[in-house]
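> I'd like to ask you about the structure that follows.
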Amino acid sequence: MEIVIMIQEALKALRRGEIVLVFDADNRERETDMIVAAEKIKPEHIRIMRNDAGGLICVPVSWENSEKLGIPYMTDIMEEASGRYPVLGKLSPHDIPYDEKSAFSITVNHRKTFTGITDNDRALTIGELAGICRDDRHESFGDLFRSPGHVTLLRAADGHVLRRGGHTEMSIALMEMAGLTGVAVCCEMMDDRTGNSLSTEDAMKYAREHDLIFMSGAELIESYMEFRS
């Protein structure tokens with residue numbers, strides 16, 4: 001399938017609330033993530049990610065929405081608190097082998113959830129977060145959510161894939177190209193047999209068997225650059 005056609009099919013799938021698969025790069029995490037639009041999230045998406053992917057279910061948030069929500073990078077929180085808790089300074093992730101900085105932010109639950117971990121609770125939290133970003137109600141974030149929680153937020157870099165080539169930014173690039181709210185859901189695909197990340201070949205096989213779009217990060221970034229030009 002030609003890249004242009006494949007990307008267009010992926011964007012249509014995202015608008016329909018379907019999952020797409022994205023492999024980042026051989027010189028990065030070497031992982032394939034399941035990605036779906038946060039505003040389309042349902043408990044069944046959480047179940048599929050939990051059972052078929054098995055990694056950490058996270059919520060990439062665009063730089064613009066992160067700024068409006070006021071969510072910091074976790075590393076900034078740790079740095080601020082290291083004066084009182086010196087161990088946090090020692091735990092700084094300055095030696096990540098595949099990147100310069102972690103995208104991790106805070107964890108949240110919606111206040112209507114119970115424990116926050118069930119498929120229903122996580123879908124509620126994610127969907128409501130996408131909703132306040134879509135409707136430009138960012139100021140209600142603190143009233144509607146509590147932290148810590150069971151949904152991990154990832155803060156995308158300013159400029160997204162033009163500045164950083166992580167799944168966080170690639171997820172947001174897909175949302176932008178699809179005309180969707182700049183909040184996504186992603187989960188790394190793991191391999192039960194090896195205990196490692198699922199190989200690209202097996203991820204592509206999964207995509208074929210489940211009629212899902214699979215793309216590489218290079219294809220996504222190339223398409224995004226054309227989209228922005």
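If you go along the chain as it appears here, the first residue is 1 and each next one adds 1.
In case you wondered, yes, glycine gets a Cβ from its N, Cα and C as well.
Straight from Swiss-Prot, here's the annotation block:
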type	residues	note
BINDING	R28, E29, D33, R164, G165, G166, H167, T168, E188	D-ribulose 5-phosphate binding site
BINDING	E29	Mg(2+) 1 binding site
BINDING	E29, H167	Mg(2+) 2 binding site
SITE	H150	site 'Essential for catalytic activity'
SITE	E188	site 'Essential for catalytic activity'
> Based on Cβ atoms within 10 Å, give me the single least packed residue among the binding-site residues D33, E188.
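Minimum Cβ neighbour count within 10 Å, taken over the binding-site residues D33, E188, occurs at E188.
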> What does DSSP say about H167 (D-ribulose 5-phosphate binding site): helix, strand or coil?
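Note: H167 (D-ribulose 5-phosphate binding site) is helical by DSSP.
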> Which entry in the list of recorded positions, H150, H167, has its Cβ near the fewest other Cβ atoms, using 10 Å as the limit?
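Each of the recorded positions H150, H167 was scored; lowest Cβ tally within 10 Å is H150.
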> Determine the Cβ neighbour count for G165 (D-ribulose 5-phosphate binding site): the number of other Cβ atoms within 10 Å of its Cβ.
22
> Say you check the Cα of H150 (site 'Essential for catalytic activity') against those of the binding-site residues D33, G165, H167, E188; which is nearest?
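It is E188, whose Cα lies nearest.
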> Quick check: in three-state DSSP terms, what is D33 (D-ribulose 5-phosphate binding site)?
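In the DSSP reduction, D33 (D-ribulose 5-phosphate binding site) maps to strand.
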